[in-house]
Amino acid sequence: MALQRTLSIIKPDAVSKNVIGEILTRFEKAGLRVVAAKMVQLSEREAGGFYAEHKERPFFKDLVSFMTSGPVVVQVLEGEDAIAKNRELMGATDPKKADAGTIRADFAVSIDENAVHGSDSEASAAREIAYFFAATEVCERIR
């Protein structure tokens, strides 16, 4: 097992349902520590830049529109195999295919409004964390 960091975003649909605390509790109960967090209202430029890898995909415009429709909570999670653990907690991208008890099965309504985002690899995690946080904003959690 390896100590990792991963980026997690609680998306506008979950923020508007007021389930931020419930989602964070799931991360912590699974052994993940929040080492950076903030609520932000993304601009079109910020959302478009974050999801730039999808720019040529047909859903890109709708994704940017959704991600700017309300505030999001962006956090860095740290723990043993944090990337895989977070993705397991999130569940399948399509909440209809997500296992019962996962974040998306419990809080998402559609593949478009699917409650959370999580990094899919160490390279993505490093890039995504740097997109939202300066190194000085990520705290060491020794205790």
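Keep in mind that glycine also has a Cβ here, set from the backbone N, Cα and C atoms.
According to Swiss-Prot, the protein has these features:
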ACT_SITE  His117  active site, pros-phosphohistidine intermediate
BINDING   Lys11, Phe59, Arg87, Thr93, Arg104, Asn114  ATP binding site
Exercise for review: May I ask for the distance between Arg87 (ATP binding site) and His117 (active site, pros-phosphohistidine intermediate), taken between their Cα atoms and rounded to an integer number of Å?
Suggested key: 9
Check your understanding: In sequence order, which residues at least six apart in the same chain have a CB under 8 Å from the CB of Thr93 (ATP binding site)?
Key -> Arg104, Ile111, Asn114
Check your understanding: Near His117 (active site, pros-phosphohistidine intermediate), how many other Cβ atoms are within 10 Å of its Cβ?
Key -> 20
Review point. At its widest, how many Å does the recorded ATP site span between Cα atoms of Lys11, Phe59, Arg87, Thr93, Arg104, Asn114?
Key: 21
Point to revise | Residues that sit under 8 angstroms from Lys11 (ATP binding site) by C-beta distance, when 6+ apart in the chain | key: Phe66, Met67, Val72, Glu113, Asn114, Ala115, Val116, His117
Exercise for review: Using the structure shown, find which entry in Arg87, Arg104 (the binding-site residues) has the sparsest Cβ neighbourhood within 10 Å.
Suggested key: Arg87
